[in-house]
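These notes concern the structure reproduced below.
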Amino acid sequence: MTSIPALSALYTAAQARALDRDAARFGVGSHDLMQRAGWAAFAALRRRWPEAVRIGVLCGPGNNGGDGFVLARLALEAGMAVRVLAPASPARGDAAQARAALLEAGGRIEPWSEALPPADVYVDALYGIGLDRAPEGEAAALIEALNAGGAPVLALDVPSGLDADSGHAPGAAVRAAATVGFVAWKRGLFTGQAADHCGALELATLDLPDALYAAHAPDARLLTAEALPPRARGGHKGDYGRVLVIGGDHGMGGAARLAGEAALRVGAGLVEIATRAEHVAPILAARPELMPRAVDGPQALQAACERADVIALGPGLGQGAWGHALWLTALLDAQRPLVLDADALNLLAREPRALRDAAVLTPHPGEAARLLGCEVAAVQRDRYAAARTLAQRYAAVVVLKGAGTLVASPSGDVAVCRWGNPGMASGGMGDVLTGVIAALMAQGQAPWPAACLGVGLHARAGDLAAAAGERGLLASDLFAPLRALVNGQPHE
Ligand SMILES: NC(=O)C1=CN([C@@H]2O[C@H](COP(=O)(O)OP(=O)(O)OC[C@H]3O[C@@H](n4cnc5c(N)ncnc54)[C@H](O)[C@@H]3O)[C@@H](O)[C@H]2O)[C@@H](O)CC1
Ligand SMILES: [K+]
């Protein structure tokens, strides 16, 4: 873990521009910044590919291209075979100076073309935070050629074609082996399609002082790995809360059981499951520590709600009359903190209503789209906006799942999860997350810290479990690593 605040702060492109400009106040002007960026990127290239001697540098029309020109000059001066491709129209300002310096040092610049020169490593300096539309024409063809070629790509600041704000690629986008960010992390590098494009991420803060970052509040933050405090020696099960999971309509008992068992593994004192009668015996047989109860309607649910400290509503709930009646009871009468998932969210989309009690909503993009009344693609085009809008609309903490899960608070705070893997795209993973967050709330955490901690634990447990392979990863494989993590076993 690091104590450098810049490493967990995430900025929009506009905020990053303001930071760049403000660096001058600390004696680092834009020309100097570009030189430092080029140096840092060249150092990263040498560190990552020490054997590389042929470097292909693709420069765009703006300052991202300028960073590329600086790197190309340094590579040339280091004796490497450097081929630089740049558009015919000359760059302006600092980038023009960097270009002139490259030519002065004996470099040659070739026009963009679809044919890439042979190289051990390519440097992508086409577009950075200035991307304002999908790449087209020669730039798009170059990107496709880079992605089709076998050599690794080092992207400067942002993989070209990826939107630095949203992590959405509107068209062709570079698939880099590594990306070196400059000055500050751009928030789009950590969610949506970013994971397929960035490769290994590293940040070069270019020796800018902490005071600069302190003067610029970020838009969002990366989740950090938090440890849970040790338990008091005299604790008893009543101290760790009682979770009530409501769900498991006909044929969907597994979802409720997974949520319940996850809650136990994360330390909830007691876990009850209000479910269909046919699920009671199988749940008891498989996990006798759970307390499943047959609930045929709202009346039977009341007493369980009164006993509970937190309600996890939705795993396998269905949207039929049974699920709807329990949903209404939990929402209107229970007066308990809630975690809403799956069909509880689908019912909320069908029948929008204000939530009376403290709540965490955990939609995947499809559920978020239903709640917002838009297409899934619109959610994915701007996940930050979708999460914030939902959090504000429901005055609740919202966990927008998917690669780069976001946690948003009603006041606009956003935390981003950089852990997790595609092995976790399998049935039941969401149910486990619901149980984890509910268990943390049952142990006394407020919705925001519980959601942040829960999302991080769940994703890190997924990464530990994926050590045996991403394909075939089961939701229940997370139980053992979850238990290890809540007891302080280090992840990295
Ligand atoms: N401003 C500064 O002080 C620093 C800037 N740096 C670099 O500068 C970058 C930002 O530079 P710019 O603002 O010049 O932006 P970019 O270099 O990212 O690109 C902007 C240029 O590309 C054009 N463009 C964008 N999308 C296009 C598309 N799809 N098709 C065709 N043309 C397109 C724009 O119209 C503009 O001319 C950063 O990402 C970073 O790499 C670094 O050198 C560090 C310091
Ligand atoms: K780039």
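Glycine is treated like the rest: Cβ placed from N, Cα and C.
Ser160 is the residue from Ser30, Ser89, Ser113, Ser160 that TrEMBL records in the K(+) site together with Asn64, Asp124. Record check: TrEMBL places Lys401, Gly402, Ala403, Gly404, Thr405 at the AMP site, and the matching candidate among Gly423, Gly427, Gly428, Gly430 is Gly430. Taken in sequence order, the binding-site residues Asn63, Asp124, Ser160, His364, Gly404 that lie near ligand 1, meaning a CB under 6 Å from one of its atoms, are Asn63. If you measure from the Cα atom of Asp132 ((6S)-NADPHX binding site) to that of Ser160 (K(+) binding site), you get 11 Å.
Close to the recorded AMP site, the chain also has His364, Pro365, Leu400, Leu406, Cys417, Gly420: residues not among Lys401, Gly402, Ala403, Gly404, Thr405, Gly430 whose Cβ is within 8 Å of the site's Cβ mean position. Separating the Cα atoms of Ser160 (K(+) binding site) and Ala403 (AMP binding site) is a whole-number distance of 20 Å. A straight line from the CA of Ile129 ((6S)-NADPHX binding site) to the CA of Thr405 (AMP binding site) spans 22 Å.
Non-local neighbourhood of Gly404 (AMP binding site): Gly167, Phe190, Thr191, Gly192, Ala194, Ala195, Arg383, Val416, Cys417, Arg418, each in the same chain, at least six residues away, with C-beta under 8 Å from its C-beta.
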